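Worksheet for the structure shown next.
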């Protein structure tokens with residue numbers, strides 16, 4: 001057997017309070033595509049960050065081409081030919097520069113003068129070699145997501161790339177774009193590049209990869225050749241101990257009235273013919289992997305995304321939700337996924353945040369604020385949710401993720417909606433706060449609210465939802481009723497056919 | 001869930017005595033402290049500085065800046081930036097005086113036309129920013145040029161004053177009523193300023209609308225997803241900004257009784273300085289009307305005191321700029337930390 005391209009042995013890394021990696025091993029052979037899979041938080045990304053030099057305080061050894069490698073900074077990693085294409089392609093490109101400039105930034109750094117012809121000639125040659133048909137003169141801001149990704153891959157390969165890490169590369173791509181990406185991967189493979197492919201999508205992994213490593217709880221639990229395994233086995237290996245005790249017990253009425261009824265919902269990009277309904281007192285799960293369209297669905301229902309078609313009925317009456325303002329007036333609340341960007345005001349105080357959506361109920365004549373009433377209500381919410389804050393005057397940015405999320409939710413408890421949309425409410429939230437959030441959601445349902453719970457944490461969906469729609473690539477792939485298992489959800493979320 | 005101890009974390013932590021941080025102290029009281037120090041220094045250098053006549057003089061000198069800066073402050077509160085306030089003041093100044101001198105109108109018509117023209121500018125600003133999605137500062141910069149040019153075109157590049165020579169060679173016959181000239185004099189000019197600062201302070205701090213403006217300024221997307229009519233409030237902010245700039249222009253007109261070319265322009269930069277110094281007053285960390293007033297007072301005292309100490313006018317901007325830099329350092333150093 002030849003020496004492996006990458007051999008990571010007994011890698012451990014600790015962050016304050018968490019052991020993110022615990023004696024993890026990983027081996028990549030030359031000219032192969034190696035899938036790295038695991039549930040969220042299993043340590044895939046952390047392991048790859050160690051390899052790409054983003055974390056310097058790890059224990060364990062890395063060998064590249066059989067020689068011990070010291071990787072402490074991204075620069076070290078680059079010198080060994082490790083390149084990463086992250087899922088968020090926009091963070092790695094300068095939108096108002098051309099494709100050529102973006103690809104040649106490292107070259108332009110070296111010389112005091114820019115030789116434009118040279119830049120574009122070289123970039124064009126690289127793109128041609130990779131069989132990518134994009135003009136180097138185009139602005140990056142005009143490219144589609146898929147094109148941006150191709151540019152990034154071409155750029156990564158151009159530098160010196162023997163190890164290419166692709167982090168969830170297919171999540172934002174359509175089918176046609178995905179097959180284009182796969183032909184690029186085949187090309188690279190032929191040139192001897194080792195490719196690490198991080199993905200949740202079983203069909204793709206079994207299509208493109210040669211080997212796979214399964215991670216769980218910060219360590220590698222299994223490694224297989226693709227041809228010697230099957231999706232069912234891999235999913236079993238991925239799953240952790242069941243988390244059922246985290247979830248409150250649920251009782252639901254069979255014949256509760258339908259609160260929200262959605263038919264033929266489309267949006268411009270992702271959503272395709274969505275039919276769904278949610279009943280009074282029901283927790284409806286929207287399961288799906290990253291990029292399946294959960295966020296788009298929540299935003300569309302909340303009137304926060306543009307241009308859509310379809311009918312929405314609330315309490316049997318057709319409503320037209322043109323903006324979040326309309327949605328809130330109609331009694332729909334959204335706890336958005338991007339908490340810091342969309343859910344809370346980080347620079348403002350806890351008190352201001354909690355009452356932001358319901359200020360109308362704290363006014364006196366002439367819109368003067370009834371401050372003592374507002375304070376009392378905010379204090380009530382903070383106590384009820386157990387938000388750990390020094391005072392109502394503390395700025396929200398100083399609180400932990402879990403407490404920030406409680407505030408993002410608490411805002412809507414004061415506003416008293418009928419339909420609550422939760423988009424990935426447990427993202428970046430610690431275990432203790434997670435449990436509080438689950439009980440809160442169950443409590444809302446018990447009070448007769450209709451709850452829509454969208455998440456890619458399938459174990460959580462399986463634990464809390466009464467009924468689930470599984471989203472795959474913008475469409476509802478299947479409807480399921482509790483009890484359901486995480487395996488079933490994962491099977492359908494990864495595009496498995498029933 | 002009920003058996004969990006979630007009660008009163010609020011009170012527990014509050015009891016801890018806050019340790020004294022020198023920087024926090026300066027952040028909260030730095031501006032006020034600077035004013036006190038300046039007063040002491042100037043008074044020591046020249047006892048006339050503290051005479052009531054001089055204090056009234058300072059307040060009068062900052063009135064117009066403060067009025068305009070309060071409008072700017074409101075645009076800053078929604079995380080906007082109205083650079084057109086100076087030229088709106090110019091325009092409103094020109095319209096008021098021309099109404100009297102050229103068209104012999106009564107004060108009501110004159111003032112209303114100035115306000116109306118300015119509100120149209122505010123509406124245009126808001127519309128272009130909200131609907132065309134032009135970044136606030138760029139749009140209002142463009143508007144600044146447009147309005148500056150518009151005011152100059154309207155006055156045909158001349159200073160409007162009583163008994164001016166008209167293009168046809170005759171003298172204008174309109175007069176500026178005595179009542180109008182009172183607006184720009186003590187005590188009315190100071191009272192108008194005080195009323196506007198008070199109004200804006202109460203509006204921003206004690207009403208729902210003010211709070212929502214701050215929320216929009218804090219995080220537009222979060223505000224939108226909380227069901228707040230972000231656009232409506234941005235439009236309102238730019239209308240208020242233009243309104244106060246117009247009032248500033250009218251007061252200016254009454255004070256100088258003429259309409260000079262670009263008369264309002266210098267008030268933009270002083271207003272920006274006052275508003276930004278105001279961020280740090282009493283540790284507010286955000287645009288606020290009272291802080292803006294204090295900022296204007298600081299600039300006014302500096303200007304007045306330096307004149308009394310015979311610092312030449314042409315060196316004044318060095319000091320003004322340095323004070324602004326210091327105030328900004330206090331605001332932004334804190335925000336990063």
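The backbone N, Cα and C atoms fix where each Cβ goes, glycine too.
The transmembrane segment annotation in TrEMBL covers B:21-45, B:57-78, B:85-103, B:109-130, B:186-206, B:235-257, B:263-282, B:289-307, B:313-333.
Sequence-distant neighbours of the transmembrane segment (B:313-333) (same chain, 6+ residues past either end, Cβ-Cβ under 8 Å): 23, 26-27, 30-31, 34, 270, 273, 276-277, 279-280, 285, 295, 298-299, 302-303, 306-307. Within the chain carrying the transmembrane segment (B:85-103), a Cβ under 8 angstroms from the stretch's Cβ atoms is held by residues 64, 68, 71-72, 109-111, 113-115, 117-118, 121-122, 143-145, 147-148, 150-151, 154-155, 160-162, 164, 166, 172, 174-177, 180, 241-242, 244-250, 252-254, 257-259, 261-269, 271, all 6 or more beyond its ends.
Counting Cβ pairs under 8 Å to the transmembrane segment (B:186-206), the stretch among B:21-45, B:57-78, B:235-257, B:263-282 with the most such contacts is B:57-78.
Taking every listed stretch (B:21-45, B:57-78, B:235-257) in turn, the largest tally of C-beta pairs under 8 A with the transmembrane segment (B:263-282) is reached by B:57-78. Long-range neighbours of the transmembrane segment (B:21-45) within the same chain, counting only residues 6 or more positions beyond its ends whose Cβ lies under 8 Å from a Cβ of the stretch, are 277, 280-283, 291, 294-295, 297-298, 301-302, 304-305, 308-309, 323, 326-327, 330, 333-334.
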